[in-house]
Amino acid sequence: MLKKLGIKGRVLLLTLLPTSLMALVLGGYFTWMQLSDLQTQLLQRGEMIAEQLASLVAPAMGNHNTQMLERIATQALEQQDVRAVSLLAPDRSLLAHAGPSMLNPPPAGNSSHMMQRSGSDATRYQLPVFGRHRNLAGDLIPDESDRLLGWVELELSHSGMLLRGYRSLFASLLLIAAGLAGTALLAVRMGRTINNPLTQIKQAVAQLKDGNLETRLPPLGSQELDELASGINRMASTLQNAQEELQHSIDQATEDVRQNLETIEIQNIELDLARKEALEASRIKSEFLANMSHEIRTPLNGILGFTHLLQKSELTPRQLDYLGTIEKSADSLLGIINEILDFSKIEAGKLVLDSIPFNLRDLLQDTLTILAPAAHAKQLELVSLVYRDTPLSLVGDPLRLKQILTNLVSNAIKFTREGTIVARAMLEEEHEDSVQLRISIQDTGIGLSNQDVRALFQAFSQADNSLSRQPGGTGLGLVISKRLIEQMGGEIGVDSTPGEGSEFWISLNLPKTRDDAEDLPGPPLLGRRVAVLENHELARQALQHQLEDCGLEVTPFNTLEALTNGITGVHQSEQAIDLAVLGITTNDMSPERLSQHIWDLEHLGCKVLVLCPTTEQTLFHLSVPNPHSQLQAKPACTRKLRRALSDLVTPRRARSEPEETLSSRAPRVLCVDDNPANLLLIQTLLEDMGAKVLAVDNGYAALNAIQTEPFDLVMMDVQMPGMDGRQSTEAIRQWESERHGTPLPIVALTAHAMANEKRALLQSGMDDYLTKPISERQLAQVVLKWTGLALRNQGPERASERPELGLELQVLDQDEGLRLAAGKADLAADMLAMLLASLDADREAIKAARAANDQNALIERVHRLHGATRYCGVPQLRAACQRSETLLKQEDAKAFAALDELDHAIGRLAAEARTNA
């Protein structure tokens, strides 16, 4: 508090505060003492008056002279402070009274001495009158000295005493106030003697601060202040001299700068030339990267193209598996090359991430499958552990995520000489619409020091440069991975101990999508028992989880002999084991020994599936009865494992018989889509696979068709003019409820659906949904799933759509259009022609909706165009539609820029079509 006061205020406070406290304490003490003395005097005077009255009234009481008593009582009122007097008989009956009624009640008790009772306004006295009191009047009667003659009561008022006390207090306060006033005057005078010189010093310092260094202070009237003023004057003189020297130095420096201007100008010219050379070098680098991109992607596209052609030919399951691995490897290589070439685009923040559904377990296992040969060549064990509480169906950019995992696993393989590499996926936190995941890659390699960890995520750097020539690499992989993870809103890090290994981890938040029905256990395997042999503990644990996810009851064994004995012991019992999965290497046993054990197990009715390293598959090829179906590479993929075990339990020939029974009639399918190209494609694909199709282009026609004809399934487009897909579904469900009929399966067809939109589709009454473009395999699966009727001529499983990477997407891709049309050139041409015919109208409709600021109409028109692009080879327009629709639905401010890019993409496609016409 004192810090906020000035010197004058402090002087006043320190002077007046102690004085005031002392004056108040002393004044209060003496006033209290005086009031106490006055009260004591009042009590003594009351006792004295009572004694005097007792002597005066004793003869009258003895003679019962009432008049005398009245006269004495009246005379007693003339005494100071006496308020009332009462004279009582021995029985306390009233003999005489003078004055008003007494305020206080009589004292309690019956004492022979004087009694009193005090109140706030008066004090009441009571004294007994005995015969001895007559002695004072000279009227003593023998033997009556102790006889009670009566009582004397009087009451003294406190008002006089209080008045005298108040007068004394008032006088004390006057004296205190006078003393404080004098003290205050002295304090003010003292404060001025201190404050005025300080004010002069303050003003002088302010002038010095403003640059008036000639300012000097006069003598201030006291030794201490004069010394302070002298010091300030010396400081001002020193500052003045320093300023003069500084000004001289500035003038000299200015002259030097003026002399060096020509040199600086020459340096600026040299810097400008160097900048131009750097820009030219950057341009040359960009051209080189573009040329390299073309030169590298061209053979890769050839590999992918011929892989697709081979997949359409008659191949064994093993060959199809090899082709699938080649295709996935080529896709990964193409993606990695494009990302490296696009490193500058990542740094500029212009990289656009995809947002599509994917299966986390499949992505992780596919990554390990691609890299398994490199790991097995070094005799490393690859293990994938996906914790059971981890959601598998997520939404994100699977190709970018796979690229990151490929980089991490590849690094782990490079820098691990022996041991195990474990890929884990676990749930950290789950919300209603999203999950927080942690994916880690742990190895038993060389480990990293703290210095290596700090430099790990820098461009063109490696943890151990001494090893760079052996494993290879540019040092860009982790930098690109870190940038991609950060753009996804996640985090990447590493925990490592030199000599013990490293664990790279990713923490990422991804939206959830609906559960994948294919992940549920299927009837062929549900409840069956399987024996497992795997010497590696983590690999055995992962394999056991995979088999349990397939619906199997797993019994692990430590040796092949123990497994054979265990199966023999339960043979021909209710606990018989139908299947055996053997994870082996040549270090565990020879192919000849394995062949003998498989022969023994086959005779016990137990089908065997062998898992071995990719580098040893040729060695074990002749050890199994059917290597195409009973031999797989480590680490096992859950989907391949389920398919292989299902084939062992129920061979395809046996399973085809009930399918032929089911498919004895063709399924009747109603297709609803307002886009003629989409409607034509779905109708053609279904009819080519043997379905009976009725195609309509609006919801009203669909409702009318359902009310007049029986159907097994409805393929319903979501966004249509008039009655859209949701409204049509609700109308169909209402009509079914009125007729108490069996609900007809309705599958939504949509070009773009986020997680919340997919939930809304299912809540509106639809049973399932498919995302465009739709392949023959997807159509066959959904028809079989909801009708139980199989379609024929299902092509091999291929990715329906592959996100394009690179610096620029193609405007028109004829090969992609042919692939999306299931290899039908006429259909692909018709689809493209129908898209181009409606392109101008769609462009104008989008512009009109944008000008009218009609958000719903804008989303509807973009979605309609997006659906049409899903079946044509127009990658650039499709990507622009998808980005625009996503940003519009998210109400993102970048949506307008995306719409501008969409308009440019439409123009480029129209120009390209005219050029190729």
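Note: Cβ is positioned from N, Cα and C throughout, glycine not excepted.
Note that the structure is predicted; figures quoted are calculated from it, not measured.
According to Swiss-Prot, the protein carries these features:
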- 192-244: domain 'HAMP' (DOMAIN)
- 291-512: domain 'Histidine kinase' (DOMAIN)
- 668-787: domain 'Response regulatory' (DOMAIN)
- 824-917: domain 'HPt' (DOMAIN)
- His294: phosphohistidine (MOD_RES)
- Asp717: 4-aspartylphosphate (MOD_RES)
- His863: phosphohistidine (MOD_RES)
- 11-31: transmembrane segment (TRANSMEM)
- 168-188: transmembrane segment (TRANSMEM)
Winner by Cβ contact number (other Cβ atoms within 10 Å) across the modified residues Asp717, His863: Asp717
Remote residues contacting the transmembrane segment (11-31) - C-beta distance under 8 A, at least 6 residues beyond either end: 2, 5, 165, 168-169, 172-173, 175-176, 179-180, 183-184, 186-188, 190-191, 194
Alpha-carbon distance [His863 (phosphohistidine); Asp717 (4-aspartylphosphate)] in Å: 11
Local backbone state of Asp717 (4-aspartylphosphate), from DSSP in three classes: strand
Where His863 (phosphohistidine) sits in the secondary structure, as DSSP reduces it to three classes: helix
